[in-house]
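Encoded as structure tokens, the structure appears first; notes follow it.
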Amino acid sequence: MERIETDLCIIGAGSGGLSLAAGAVQMGARVVLIEGGEMGGDCLNYGCVPSKALIAAGKQAHAMRTGRTLGVIPVHPEIDYAAAKDHVRQAIETIAPHDSQERFEGLGVRVIRDWAKFLSDREVEAGETRIAARRFVIATGSRPFVPPIDGLDQVPFLTNETLFDLRERPEHLLILGGGPIGMEMAQAHIRLGCKVTVVEAMKALGNEDPEMSESVLNWLRQEGVEILENTAVERVSRHEDTITLETASGPVRGSHLLIAAGRLPNAEKLDLDRAGVRFDRRGIEVDSGLRSSNRRIYAIGDVAAGHMRFTHVAGYHAGVIARSILFGLPARAGQSHIPYAIYTDPELAQVGLTEAQARKVHGPALEVVRFAYDGNDRAIAEGKTEGLIKVMVYRGRPVGVSITGAQAGELIAPWALMIANRLKMKAMANTVLPYPTLAEIGKRAAGAYFSPRLFDSSMVKKVVGFVQRHIP
Ligand SMILES: Cc1cc2nc3c(=O)[nH]c(=O)nc-3n(C[C@H](O)[C@H](O)[C@H](O)COP(=O)(O)OP(=O)(O)OC[C@H]3O[C@@H](n4cnc5c(N)ncnc54)[C@H](O)[C@@H]3O)c2cc1C
Ligand SMILES: NC(=O)c1ccc[n+]([C@@H]2O[C@H](COP(=O)([O-])OP(=O)(O)OC[C@H]3O[C@@H](n4cnc5c(N)ncnc54)[C@H](O)[C@@H]3O)[C@@H](O)[C@H]2O)c1
């Protein structure tokens, strides 16, 4: 048994753990990084990267089937599903060196490839190594939640951990769960020539502003995705090549089943009770500085309870605790400035409060300004006029922005900057943007905020009248 003493021991080499390890070692800390599975975690191997690569393949197929309004005669593309998966693999392999053991060892990190568990609040064991550290960081991520449905254990099903290895094209993909994973994969698969049915127990994209999610769901339905909402699955069975989901409104049949019903934190196997770290089904309990119930042990990313589960959040958490661990400075992780996007087509992006949340917090003083894509020249030129931005403004500052439409994930960026830096709406209105760009949609929303103040104001009219009459 090898024994190591170090400044910082990080468990999990995914989005959070890798960011922290790279930063900490380059700032002079001795760092041990423990990874039991694949370097790069969920995002690289089973999440963001493969899903976005498959979405790109679907987009390409969709472009070939559409375009008549632009004068391009649509064709029926021949889909090679296995080759699309080759593209997925290629994308992962291209990015993998950046997250690799070799790269981190090159930076000076001691990387241990095994599963870690706590022996006490000062010591962790991983395979044949015991690590004592001044601080521990748990960055073990999450895994798919598989609901306890009668018969499911007898039926082969896919999750995000196996879907991207599937090489035969599903004839009819059933998706249990209409969250971001379910809807992104539904659209990618319908575009790659599968039939797709989503069965959602409550409301699909139910965490989003309903006006925004409805627009995305309508689009998906138009493309042929069947979305059954408020539909509970009572039993699952398989007969030969057919999987059947029994629901109150009748059976739903398909050839493959993807479970996308939410996530569970990877916490149980860490023997956290030995370290005095409290956790529950939502994850490891953390304070505003991401410290667990044991102040020497932090939790970041998907495993931290109550925080949004995104790659950029895990990276942000790494930055927050680096300040506290490396410099002993106070640091807290906020949520109100965190943007995200759902990469359906059209995309859905959000930062800060939705309209309903903002109305609850700010009451009648809240102003909501809107601008539709069909008023943007670039959107018209490209035939992408489906979409909307809504900006929730309180006392001259945006407190939330929702966008659906082409490139919503890109268009949310300046609003994330505005909210993170508490900029006022005039910062957006004062910005000059190139014409014709979709980015002007944001500026037009800021214009919609100022227009009534400028154009409906008797004071403004008086001042202008005075200047015109009296100033030579
Ligand atoms: C299909 C899908 C699509 C997604 N798309 C996006 C997207 O487009 N944009 C976005 O921002 N987010 C997306 N996400 C979410 C994103 O992947 C996660 O939020 C992110 O990976 C969380 O990072 P993390 O560091 O907390 O965990 P992970 O990246 O999952 O890393 C955790 C690591 O810890 C390791 N580990 C676990 N237990 C132990 C142990 N006991 N010992 C040693 N190692 C251990 C695991 O093997 C894993 O490698 C997606 C997720 C999925 C599933
Ligand atoms: N673009 C992105 O950034 C992106 C993409 C994919 C995933 N993610 C991350 O991964 C996380 C997980 O995504 P997800 O879609 O699995 O989770 P989710 O929790 O957002 O959605 C799961 C859905 O499944 C439904 N559900 C649960 N049990 C069910 C059942 N028995 N039958 C039918 N429906 C059921 C829920 O009502 C919910 O709508 C997200 O929260 C997000 O943070 C991000």
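FYI, residue positions are counted from 1 along the chain as it appears here.
The backbone N, Cα and C atoms fix where each Cβ goes, and this holds for glycine too.
According to TrEMBL, the protein has these features:
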DOMAIN    7-317  domain 'FAD/NAD(P)-binding'
DISULFID  Cys43-Cys48  disulfide bond
BINDING   Lys52, Thr140, Gly141, Ser142, Asp302  FAD binding site
BINDING   Gly177, Gly178, Gly179, Pro180, Ile181, Gly182, Met183, Glu184, Glu200, Gly262  NAD(+) binding site
DOMAIN    338-445  domain 'Pyridine nucleotide-disulphide oxidoreductase dimerisation'
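Projection of TrEMBL feature records onto the structure.
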residue	record	DSSP (3 states)
Cys43	disulfide bond	helix
Cys48	disulfide bond	helix
Thr140	FAD binding site	coil
Gly177	NAD(+) binding site	coil
Asp302	FAD binding site	helix
Among the recorded positions Cys48, Thr140, Gly141, Ser142, Ile181, name every one whose Cβ is found under 6 angstroms from ligand 2, counting any of its atoms. Ile181
Nearest recorded site to Ser142 (FAD binding site) by CA-CA distance, among recorded positions Cys43, Gly177, Gly179, Ile181, Glu200: Cys43
Based on Cα distances to Asp302 (FAD binding site), point out the closest of the recorded positions Cys43, Cys48, Gly179, Ile181, Met183. Cys43
Least buried of the binding-site residues Gly141, Gly177, going by other Cβ atoms within 10 Å? Gly177
Specify the nearest of the recorded positions Cys43, Gly179, Ile181, Met183, Glu200 to Gly141 (FAD binding site), where nearness means the distance between Cα atoms. Cys43
Whole-number Å value for how far Cys43 (disulfide bond) lies from Ile181 (NAD(+) binding site) (Cα to Cα): 12
Could you state the CA-to-CA distance between Cys43 (disulfide bond) and Lys52 (FAD binding site) to the nearest Å? 10
Listed in sequence order, the binding-site residues from Gly141, Gly177, Glu200 whose CB sits under 6 Å from ligand 1 are Gly141
Near the Cβ of Met183 (NAD(+) binding site), how many other Cβ atoms are there if near means within 10 Å? 27
